[in-house]
Amino acid sequence: MKKIAENTCIRLIPRTNQPDYAEILNKKGQGCYASIGRFPGKNVVMLESNDDQSCIQEDTVIHELFHVIGLWHEHMRADRDAFINVLYKNIEPAQYPQFEKLSSRDATTYNVPYDYKSVMHYDETAFAKPGKISMMTKDTKFQMYFMSRFLELDSHRYYGYGIFYDLIMGKGWKESSNFPVVTYCDMQIRILGHVQRHTVQCVLVINIFTEKFVRDYIKIDGIFVLRMITIHSGILMCTDIVDTMWDQYLQESGHEVIREILEDKGYGDDYDRSASAGGLSIDPGIRRKTSVLVPLMSREDLNMDQSPPTPTPQFLRPPSSRMTPNV
């Protein structure tokens with residue numbers, strides 16, 4: 001409320017005897033929502049906060065307060081089609097109303113420019129099917145802005161310039177600060193005949209092919225088989241198999257994956273013309289650099305091992321999980 005007061009002319013005051021008012025509630029299983037605009041009597045702002053989830057984050061609270069004040073979602077504006085594409089094929093039909101476009105009779109923009117960064121704008125993965133995005137900006141530079149926000153690693157504030165710069169300069173993922181994602185990995189190390197467990201910081205390479213490789217090529221059954229191979233034959237054997245499968249996948253399906261991505265952007269015909277002219281290829285050197293790490297061993301899997309464990313230093317233990325709000 002203080003943030004709203006500091007940045008707008010709106011003031012939220014405690015209720016005394018006003019007949020129309022907003023009441024902030026916390027009920028389990030209700031999530032985060034608010035009525036839009038002023039209604040007679042009580043206007044509910046639901047901010048669930050418990051062990052399951054919490055809506056008590058600054059952006060979420062401001063978002064719901066703006067709803068009860070009278071603001072709709074930015075991506076529902078009457079002119080939104082000039083700025084974004086809503087990818088309905090990636091959204092469950094039950095969630096279509098979240099992307100309904102309002103008519104100019106129902107809401108006005110007051111001639112305020114479209115704001116991709118508005119607190120009232122859903123992010124690009126909101127209500128999307130797993131591994132998909134629900135919205136894509138038509139302005140390329142804002143696509144790069146959202147990519148930078150997703151990576152959370154770009155030292156250049158605007159439009160992912162740092163990513164392009166590293167690509168142009170030929171920096172690999174070991175040298176670039178823009179590509180790696182640092183996380184925690186469970187590792188098996190064989191010392192004097194005993195397999196010992198370690199949790200260490202490791203680097204994962206971001207790759208647009210990885211999701212399709214796991215989902216469409218290895219599939220659930222393949223992941224199960226690879227886990228069995230890892231348990232009974234070791235991680236090196238499994239890594240060798242995955243690496244071979246990765247090369248084979250790129251040879252067989254690399255162009256199809258690229259074409260699907262370009263089709264989403266409306267460039268499918270351009271791709272077909274380039275491919276038929278022999279102007280597209282996947283360089284083997286590039287293939288070797290686009291390594292993939294598949295989560296074959298979970299912490300629970302490793303805990304099945306009965307060999308003497310090596311204590312994990314406190315500073316290497318992963319942080320405790322945080323609750324994710326339902327925005």
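Using the three backbone atoms N, Cα and C, a Cβ is placed for every residue, glycine included.
Database features, via TrEMBL:
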type	residues	note
ACT_SITE	GLU64	active site
BINDING	HIS63, HIS67, HIS73	Zn(2+) binding site
DOMAIN	1-177	domain 'Peptidase M12A'
REGION	300-327	region 'Disordered'
Neighbour count (Cβ, 10 Å) for GLU64 (active site): 22
Which same-chain residues, if any, lie at least 6 apart from HIS73 (Zn(2+) binding site) yet have Cβ under 8 Å of it: GLN98, MET120, HIS121, TYR122
Nonlocal residues around HIS67 (Zn(2+) binding site), in sequence order (Cβ under 8 Å, 6 or more apart): TYR33, ALA34, SER35, ILE36, VAL45
Cβ packing number for HIS63 (Zn(2+) binding site), 10 Å threshold: 22
Average pLDDT across the domain 'Peptidase M12A' (1-177), rounded to a whole number: 82
HIS73 (Zn(2+) binding site): secondary structure state under DSSP, collapsed to three categories: coil
